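Below is one structure, written out as structure tokens, with a few remarks after it.
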Amino acid sequence: MTLPAFKAYDIRGRVPDELNEDLARRIGVALAAQLDQGPVVLGHDVRLASPALQEALSAGLRASGREVIDIGLCGTEEVYFQTDHLKAAGGVMVTASHNPMDYNGMKLVREQARPISSDTGLFAIRDTVAADTAAAGEPTAAEHSRTDKTAYLEHLLSYVDRSTLKPLKLVVNAGNGGAGLIVDLLAPHLPFEFVRVFHEPDGNFPNGIPNPLLPENRDATAKAVKEHGADFGIAWDGDFDRCFFFDHTGRFIEGYYLVGLLAQAILAKQPGGKVVHDPRLTWNTVEMVEDAGGIPVLCKSGHAFIKEKMRSENAVYGGEMSAHHYFREFAYADSGMIPWLLIAELVSQSGRSLADLVEARMQKFPCSGEINFKVDDAKAAVARVMAHYGDQSPELDYTDGISADFGQWRFNLRSSNTEPLLRLNVETRGDAALLETRTQEISNLLRG
């Protein structure tokens, strides 16, 4: 039995061909064997197939004697939070996040919301399922419904001093995913006026798959910000583990510039802390962390690597340019809710707009944003780039792919962990023309 839905970090595949209720039940049995003793937290996103997949997963776990805590429709971060908060043995979020309509998936964690990835149990689960030894009898253990979100909401609100918050007007675009439910629960505790876009959870995704990284999905948020004169806008993906920002002009803010901003917000509350960041774009983050008295720590991109590094370094915050933001007190997990609360606090306390907070940083360290290339031979494409620049003797780093630092500009080139792509990021020290030249130059080399 081949199981293509098992990826390096999670399970993702087409329903029902690559992921279905029979497989979900078997995954439940196999997962039970991987976890320490204790209950397992389960939750699901808005996709139409998600409740049935969760039910089958639960049946497999309970047939293996595992108590299940069902937290129902939620965001991925809620499974992380409740797994840690309830001291459960593990947790599973049934979600395909921003994948196409016919997909579904699972994100798995063990105790303390520690990720279960390929080399920490996920492929062992796959092999058990594939060997067909994960058959299960009737469920014997209990399932409890726990939909009370009070502890989670209180934790989110603990990141900001509500007495300093101004009555900002915020556009919130849940993309018909799950974020709107949490915004509505937070709203009574905050002085903000919310303009709600695509707010109702709807697994049919009538307004398209919620993936704000796609330029065509940004228009609705940008337009609403401008039409309503909002202070800024926030858009989430389907399971709201990532959030994306738009300034008061409707301009999309690259996730890179949010990392430094959020680092400063956290370091103001936890001085001298370590901040973990990825190698794709670094100069702005390193400077802002050091200016705030923090210690930057470089780490390979990907949530499993970032979380592991944060734990080993006791880092207060971790940020990736891909809009994943991790917080120590949040079980070292990523949250799509904490960042916008911190940015709203920053805007309130500083009296400056989001645009103003990032503009100087964008000028000082302009970046290309991530550019993807489909290439037939990735090694040959990378070799062409390195041969072209080899005589310039760049400082090289291999933390994640290849990072080459030329003093006034740098690039990072890496293979995707999940797709057959090369990903390029370029940044310069305040030179937009050089950025354009080098980005075009490398793009041509990669295309051969």
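Count begins at 1; order follows the chain as displayed.
Every residue, even glycine, has its Cβ placed from backbone N, Cα and C.
Annotated active site, phosphoserine intermediate per Swiss-Prot: SER97, in sequence order, evidence recorded as similarity to another entry. Under the three-state DSSP scheme, SER97 (active site, phosphoserine intermediate) falls in the coil class. A 10 Å cutoff on Cβ-Cβ distances gives SER97 (active site, phosphoserine intermediate) a total of 24 other Cβ atoms nearby, all chains included.
Counting only same-chain residues at least 6 apart in sequence, those with a Cβ under 8 Å from the Cβ of ASP237 (Mg(2+) binding site) are SER97, HIS98, GLY175, GLY177, PRO210, ASN211, PRO212, GLY336. Marked as Mg(2+) binding site by Swiss-Prot: SER97, ASP237, ASP239, ASP241.
Other than SER97, ASP237, ASP239, ASP241, the residues of this chain whose Cβ falls within 8 Å of the Cβ centroid of the Mg(2+) site are, in sequence order, ASP45, GLY75, THR76, THR95, HIS98, GLY177, PRO210, TRP236, GLY238, PHE240, ARG242, GLY336. Fewest other C-beta atoms within 10 angstroms, among the binding-site residues ASP239, ASP241, are seen around ASP241.
Secondary structure from DSSP puts ASP241 (Mg(2+) binding site) in coil.
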